[in-house]
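Quick look at what TrEMBL annotates:
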type     : residues : note
DOMAIN   : 140-444  : domain 'Peptidase A1'
ACT_SITE : 158      : active site
DISULFID : 171-176  : disulfide bond
DISULFID : 332-336  : disulfide bond
ACT_SITE : 341      : active site
DISULFID : 375-408  : disulfide bond
C-alpha cells in the first residue's frame, strides 16, 4: 500500500478515486482541512486523508490512491469478516517534543508530573470512572468525523477508557484553544441531552455535556452515538498534544455517566461481523499503524496468536505470572494484574518491581532523575520477558529503550500503584487483538 494514503473513508457512491485526486475540478470535491502534513479531501461528505505532498507540483507520478475496502486493499484475508474496517493511525509529535521545542519541558513537567496510573485509580473510578492522564509521550491517533456535514477530529483510540469525547465550541479553556471543536448548531443530525459528563484529570476534571450524533470511523457509520462535548479542560496539558479527544474502547462498566461506548454500539447494531478489534503500532515510521474493527490481519504479525483470558471485564485486564531477565524472575514474583492499554505510551509498574528490572538491564538514574543508558549499549542489553498465561512475551532492548536524536531513556515508568499498564512500548512489539465476544486479549509477534 502506498505511503501516500494514511486513511480513507469508503465511498458508497461509484467513486473513481484516482480521478478525484488528479483532477481538482471534479464535481463536489473539496480540498479542506489541513492536519500537519496531511490533507482532508472529500466528495459528497465522504472524506479521505492523504499526504499534502501528493498534490505538490504539476505531476503526480505513478502513485495511486487505494480504496480501503475488501475489494481492493484486504482481499483474501480470512480473519477479516464481511463487516470490518481498517483505520490508519498517524504517529504525530508528542507533548514532550512540543514542550521541548518551546524550551519549557523541564518547568512544565515539574508542575505537571507524569502519573499515568491515575487514569486507573480505583478511588477516582468510583467518582468519575475514567480519569484522564498527562501522558507526555502518547503519539498515535486517528481521524474520525462527527455530525452532518462531518466535523473532523483527531482522537486517541484508547483501550484504557470507555468514553468518546471531543472539545466543543462551548469550551473556552486554554487547552481547547488550538484544537478542533464540535459545533452542534451546524450539525443537522445532532440531538442534545440533559446529561453531563465529568472526567477526572490530575487536580481537576474535564467537564461537559453529552449529546448524540452520527459518528463516522472509516467506513463505519454509527448514526446514534452518544459522546461528550467538553466545556472545560483544566490546565495547559491538552494545549500541547496533537490529538483533539479520545475514543474509548474498554468495557461499559467504566464508562463515565453510563454512556454507551462506541464499540458496544457497533456490536449491538451489527456493524462489525466479529466482536473484536485489533491494533498494529508501527515502531518508527510516522505512517503504518492501524486499528481494525471487526477483524485482525495476519499481514501484521508472525506466528500464532496467544489468547489470554481477562481477569476483569472493566479495563482489558489480564494476569501476568512474572517478569524475567536472563531467565531469572525479577518482578511480579507472585503474579500481578496488568491493563493492556493503547492509550498509555510506557510500561508502568510499581516502583520496586520497575527498579529491579532497570537495575538488571543496566539502566540508572541520571542527574535529572531520569533512567537512561548509553545508546551504544542497546545491542548488548538483555530481553525483558513477561510470562502471561504460561507463555513468554519478550521485549528486546530496542523495544524498551526509547531512543531520540539526543538520548536513550527507559520505556518503563515506576508508579505508586500495584497494578501494571502494558502500553505502547509493549504493544509495538506485540500485535494485539481485543475480543469482546470471548473476553480475551490475543497477542502475536508484530512484524
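Glycine residues also receive a Cβ, built from the backbone N, Cα and C atoms like all the rest.
It should be emphasised that the depicted structure is a prediction, and the values quoted were computed from it without experimental measurement.
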Round to a whole number and give the Cα-to-Cα distance in Å for the pair residue 408 (disulfide bond) and residue 341 (active site).
23
Among 158, 171, 176, 375, which are recorded as recorded positions, the nearest neighbour of residue 336 (disulfide bond) by Cα:
158
Which one of these disulfide-bonded residues has the most other Cβ atoms within 10 Å of its own Cβ: 375, 408?
408
Residue 341 (active site): which of the recorded positions 158, 171, 176, 332 is the nearest Cα neighbour?
158
Roughly how many Å separate the Cα of residue 375 (disulfide bond) from that of residue 171 (disulfide bond), to the nearest whole number?
43
Neighbour tally for residue 332 (disulfide bond), based on other Cβ positions within 10 Å of its Cβ:
24
For residue 158 (active site) and residue 332 (disulfide bond), what Cα-Cα distance in Å is obtained after rounding to a whole number?
25
Could you pull the average pLDDT for the domain 'Peptidase A1' (140-444)?
92
Could you measure between residue 332 (disulfide bond) and residue 176 (disulfide bond) for me? Cα positions, answer in whole angstrom.
40
